[in-house]
Amino acid sequence: MMFRLTSVSCFLLVIVCLNLFQVVLTRRCVPPSRYCTRHRPCCRGTCCSGLCRPMCNLWYGKRATFQE
C-alpha cells in the first residue's frame with residue numbers, strides 16, 4: 001500500500017512540474033532585435049513596431065517635415 005501511494009504521489013508531482021515548466025517556457029521574454037507582441041514581451045526595452053528595442057525612436061521621412 002505504501003509503495004502504491006508513493007508511486008502515485010511521484011506521478012502527480014511529475015505532472016505538476018511539467019505544467020510549471022510549460023508555463024515558464026511560454027511566458028519567457030524576447031531578446032533585443034527579435035519579433036515581439038503584447039503576449040511575448042521584451043526582456044529589456046520596449047516593443048516598437050514589432051521589434052524589441054532599447055527605446056522607441058520616431059522616424060520621420062521627407063513628407064513629414066514642414067517646408068515653407
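Each Cβ is built from the backbone N, Cα and C atoms, and glycine gets one as well.
Some features that Swiss-Prot has for this protein:
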DISULFID  C29-C43  disulfide bond
DISULFID  C36-C48  disulfide bond
DISULFID  C42-C52  disulfide bond
DISULFID  C47-C56  disulfide bond
MOD_RES   Y60  tyrosine amide
SIGNAL    1-26  signal peptide
Query = By the DSSP assignment reduced to helix, strand and coil, which category contains C56 (disulfide bond)?
reply = coil
Message = If you count CB neighbours within 10 Å, which one among the disulfide-bonded residues C43, C48, C52 has the smallest count?
response = C43
Ask   = Counting distance between Cα atoms, which of the disulfide-bonded residues C29, C42, C56 is nearest C48 (disulfide bond)?
value = C56
Key: Euclidean distance between Cα atoms of C29 (disulfide bond) and C52 (disulfide bond), Å   = 10
Inquiry  = Cα-Cα, whole number of Å: C56 (disulfide bond) versus C29 (disulfide bond)?
reply    = 18
